[in-house]
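Undergrad: Structure in structure tokens, see below.
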Amino acid sequence: MPEQYIQVAIPVPMRQLFTYRVPETLSSPAIKVGERVAVSFGPRKVIGIVIDAQAQCDFEVSKVKDITTRLNDNFNLSQSLVSFLQLCAHYYHHPFGDVFQQALPILLRKIENITLSPPMVWQAQCPRDDTNIILDKLKKKAAKQFALYQIISSHHGISWVELRTLGYSKTQLNALQSKGLIIEKEQLAEQYTWQEDTLNQADRLVLSSEQAIIVSAINHSLAQFSCHLIDGVTGSGKTEVYLQAMEEVLANNQQVLVIVPEIGLTPQTLNRFEQRFNVPIALHHSGLNDKERLATWLSAQQGSAAIVIGTRSAVFTPLHRLGLIIIDEEHDSSLKQQDSFRYHCRDMAILRARQLNIPIVLGTATPSFESLQNALSGKYSYHQLVNRAGKSNKAKIALIDMNQQQVEFGLSGTLKQEMKQTLARGEQVLLFLNRRGYAPAINCQECHWLAECQRCDKPYTLHQKQQLLICHHCGSQKRIPPQCPSCGSIRIAPLGQGTEQLESRLEDLFPESSIVRIDRDSTRKKGELTKLLQEVSDKKHQLLVGTQMLAKGHHFPDVTLVAVLDVDGALFSFDFRASEQMAQLLIQVAGRAGRASKPGKVLVQSSFVDHPLLQDLVHNGYHHFAHQALTERQQARLPPYTFQALLRADANYPSYPEKFLRALTLQSLDGCEFAGPVPAAMEKKAGKFRYHLIIQATSRKVLHRGILQLLAQIPDNEWLGKVRWSLDIDPIDLNW
Ligand code: ADP
Ligand code: ZN
Ligand code: ZN
């Protein structure tokens, strides 16, 4: 029998596959693409994925090693997923092995045997004589338990992960169990099929004609690739469109993948989906442990989950019969991974939809310029929802000129007045300040010495509660010095204001109101964000202080006043995307106000109210602003009219990264232009010196070819051993 060789993707930072031999003892049954095998690589033993099961051996045969074992479990990758991951690796010029590594649940990257206990679900018990009496009591005395019972009883079976993500606790679950209302059962691993009671008709809304047109456009293109951009203000009924577009897909016994940018959004989205469809829903987000993640992966792959809802990396979930992909908040920058494998989830989802010949729906109130341009040029089907659904009115945005105001703790007189009135009406106020911590710097009031992080040359942020100085760039920490190290004065004071300080000032200014702060510091604990958001919707707090975390998609029906305390930073950035992001943020923040029948108001404080960007946005709205800005981008030959890649380099010594990059610009690349090398916005971070080079072309194909040429030169670069480098295709953050 001839020797059998295979090509394997291995988690090492090399842009190649590796050849191994399959010994005869392991050759039956025939090895398949997507199988997981254990191989030795140098001194290590690692998991590899078979990419080519019948490879030629281009090496000296005696040097090729045998694979060690075949994993032989349930967790092999399908041919289709392998091809998709290969496409991703090609698109980003990223090492294969690393792409596979990052796309797989952690447990599948380990050699150890995996034992998953069978998936369990909760079900309602058959009603007994006293069931109604118990439920009546619960309804009055334990509303949360009652709500939990209702969710469970409206499903054939619902998992603990789903219930936990919806905000319920083990205690509530145990209470219902001990009352004999619910039981836990093993979930059958059979394929989901549509049934009579899969759709909750009572929950379904009658679509407006605008909405109905979109649903039918999506449903008309079910068995082919098409990309739909739904551009609709917050509250215009996009989610309702998703839900109704999904009906036909689920009725065909196909699966739907829904991607949301933030874990914090999952409970709300999940709640709507749970109420509408009585189907198994699998979740994929950072709140799951390794086994739970793998369970999601498996139920998606086997087809027992009808819907998968997840964050960014859910785009790599294997789905046996995927029929539709939905990306909510497609403009959101958290859809792009900003380290190692720098992929954009939206772009990869489009690639996947194309590969599988299925439709994909992108929804947002503030389309990214990339998507808007694709929609305007006819590449995507463009759908606009211009009216808010239901009764709510659109919030009005007004500018406050800080040069004309008495300002106290960053709050203008006008804003304070509005806050008082809103609180007096019993409504909630949201203050938005994109700076966490107590103060962005501390300095000496006598000699103006500034406490700076030595590793980044940037001011330390003061965290008063922890009594620490923390560098927000590298994370290093320091005690607050008792006196100025430069002149010895003890007059050391905070400079500027962060959310922590704002919170404590508001406690003095509004002693009657309860204040909640929502930022990365206050939500570090698992489950804390869900808890705080629940408290807000229960109206336990009247004043909300938060960073951009709060701008994303949350529904706050009783918030009728939203204020952006300081918008000026974004007006003067050298990154051409900063104005796009500022505009999206403002409109998203505005979308939080007045969702219910109460009208909302948005106040934006600025010292530059005449700035044309602000004026255009406030008076003419996002779309006018976006069209204007797109014209400017076209004239300046910037994305989305051109295509970019960013080559980053850093080193311990200042001149190395620049020399490394400059050497690469000596040879021109066909059809591509270079910009740089230039120092990064933060030239020094965590002790490293940083430079970047932009490579730009007028077509993706030309850029791709140029990058291949460039990568081929890197091994010969004389500075290679002295720098760390990485490549970012379609970078969205030039301000690193
Ligand atoms: P979006 O996803 O665009 O923010 P939603 O789908 O959440 O909008 O809808 C906003 C509100 O309007 C929700 O309370 C929803 O129930 C309601 N709504 C949506 N579509 C309709 C409709 N066709 N008729 C009545 N109410 C609707
Ligand atoms: Zn001093
Ligand atoms: Zn630092």
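Backbone N, Cα and C atoms are what each Cβ position is placed from, and that goes for glycine too.
The Zn(2+) 1 binding site annotation in TrEMBL covers Cys444, Cys447, Cys484, Cys487. Summarising the annotation, TrEMBL assigns Zn(2+) 2 binding site to Cys453, Cys456, Cys471, Cys474. The domain 'Helicase ATP-binding' annotation in TrEMBL covers 219-385. Under the heading domain 'Helicase C-terminal', TrEMBL lists 479-638.
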Undergrad: Does any of Cys453, Cys456, Cys471, Cys484 have a Cβ within less than 6 Å of an atom of ligand 3? These are the binding-site residues; tell me which, or none.
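TA: Close enough to ligand 3 are Cys453, Cys456, Cys471.
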Undergrad: What mean pLDDT does the predicted model reach across the domain 'Helicase ATP-binding' (219-385)?
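TA: For the domain 'Helicase ATP-binding' (219-385), the model's average pLDDT rounds to 92.
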Undergrad: From the Cα of Cys444 (Zn(2+) 1 binding site) across to the Cα of Cys456 (Zn(2+) 2 binding site), what is the distance in angstrom?
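TA: With the alpha carbons as reference points, the distance is 20 Å.
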Undergrad: For the binding-site residues listed here, Cys447, Cys453, Cys456, Cys474, Cys487, which shows the highest count of neighbouring CB atoms within 10 A?
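TA: The largest 10 Å Cβ neighbour count belongs to Cys453.
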Undergrad: Tell me the Cα distance separating Cys484 (Zn(2+) 1 binding site) from Cys474 (Zn(2+) 2 binding site), rounded to the nearest angstrom.
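TA: On Cα coordinates alone, these residues lie 23 Å apart.
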Undergrad: I'd like to verify something. Among the binding-site residues Cys444, Cys447, Cys456, Cys487, which ones have a C-beta closer than 6 angstroms to some atom of ligand 2?
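TA: Going through Cys444, Cys447, Cys456, Cys487 in sequence order, those close to ligand 2 turn out to be Cys444, Cys447, Cys487.
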Undergrad: Would you kindly give the Cα-Cα distance separating Cys471 (Zn(2+) 2 binding site) and Cys447 (Zn(2+) 1 binding site), rounded to the nearest Å?
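TA: The separation of the Cα atoms works out to 22 Å.
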Undergrad: Quick check: with Cys453, Cys456, Cys471, Cys474 left out, which same-chain residues have Cβ atoms within 8 Å of the centroid of the Zn(2+) 2 site Cβ atoms?
TA: Gln454, Arg455, Lys458, Tyr460, His472, His473, Gly475, Ser476, Lys685, Ala686
Undergrad: With every protein chain in view, how many other Cβ atoms are within 10 Å of the Cβ of Cys484 (Zn(2+) 1 binding site)?
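TA: So the Cβ neighbour count for Cys484 (Zn(2+) 1 binding site) comes to 20.
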